[in-house]
């Protein structure tokens, strides 16, 4: 029996727009009405967009906190585990997005479409808020990184400059954003590759002092720094803490490809390509980077501990810089600080893009004011960009010490919010697979990834436990504070309030029936768009190498 058509599918179900979620067909209609986004992102831009958002201050600086608290072994182990989780999250998003890379698509749109409207609503605002706060976080980091050079003007001026540049790159044509992010990300990749090579040189004693490090610091002071309690229990808690904290380095990076799907050329060719190559780069940069950090800096290094305790965000708190200084290499710390600045600036650029497209998608679904669907003549949803960028002004809170405390709350909330959304992505993917199986279409997927659905079960299990235990340390004797408890768990209240409020108001079902999950609307349009898409063949060896990389 042949699968039902999109028309017959819609005739046999209740339109989801009655719940305020917005039918996929409505999404397309609203976007067309206000000038659609343009497919202006190339394959090379899409690939570096994702990895560029992933390589941020978490890798260059955030690793210092994990190293000092837990030791080099938990740092490496946690990055391996988190990279495997990101691989599966990226794969399931790649499958769903390649199947339906429609205009205005976003991760919460897919979640709501394949689960039920209230989950999509809560997820959507969780995503938008998190992206906007991450923008503010990276802008703040940029200002503090510049402070490393002790400029004669206030950090507030640098924050303003960074914000204005990010707005300019996002409010004009998407090609501007894509090209700027391509070069930003390229510089970050060169920086991390250079630091990894430098680490290998220091490992074998190639520095100015010719001190062969080897695995010295894994023996003294040791591979593990017991956390909270001594012995093996403390070592395990160190690993678990490292796993929780490493989430900030990876969070939301898989979603960037889905966010850009509606604006990329030849989506069914370029999205799978970006998905496959993204994870290779993550494994290379993050795992090798964490290994280099662990062998070149001791977890009890006084300079590193001082940088972490001072709350620095620039080169002074970077384990890479500490390793360079210990090796007696002069001047290179300024180069690394410039690389960290580019990293933070680029990540802020990516989060502004992701937040604006998420808000744009919410408005197209009827979940946000219609004004956010407005686009300019180049296809950029400028109202959504301005709304997301405005949240970035919270970065000025860091001009006061009390503001830094409040801002610390916001940035921690985004990490937990990201964990919650990864669990929801898993649920949406399982529902997507069941709907395809129901209609006998599972083998018709244009892009299939290995180890599914078992990889999704693995992600949901690990991330659920991480989410529930992310604030476990506050329950140890003498460590409980109301602020730390709220930082760890208030995101649950926010998410549940959004979810329950929408469900009570619209009386949505607990889950859309598998037989009614819409896997058809928009598919015919994408099939027509991609049916004549033929990949160009390289004309010479230079093109062959270039296309192999990008």
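Yeah, the Cβs are placed from backbone N, Cα and C, and that goes for glycine too.
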Membrane-side pairing of residue 124 with residue 400, Swiss-Prot annotation: no
278-298, 299-319, 509-529 - the range that Swiss-Prot marks as transmembrane segment: 278-298
Correct range for transmembrane segment (source Swiss-Prot, candidates 73-93, 94-114): 73-93
Per Swiss-Prot, the range holding transmembrane segment, considering 48-68, 216-236: 48-68
The transmembrane segment (485-505) vs the transmembrane segment (407-427): 3 or more CB pairs under 8 Å: yes
The transmembrane segment (184-204) vs the transmembrane segment (48-68): 3 or more CB pairs under 8 Å: yes
Beyond the flanks of the topological domain 'Extracellular' (69-72) by 6 or more, those residues with Cβ under 8 Å of it: 217-218, 221-225, 227, 238-239, 241-242, 245, 293-295, 299
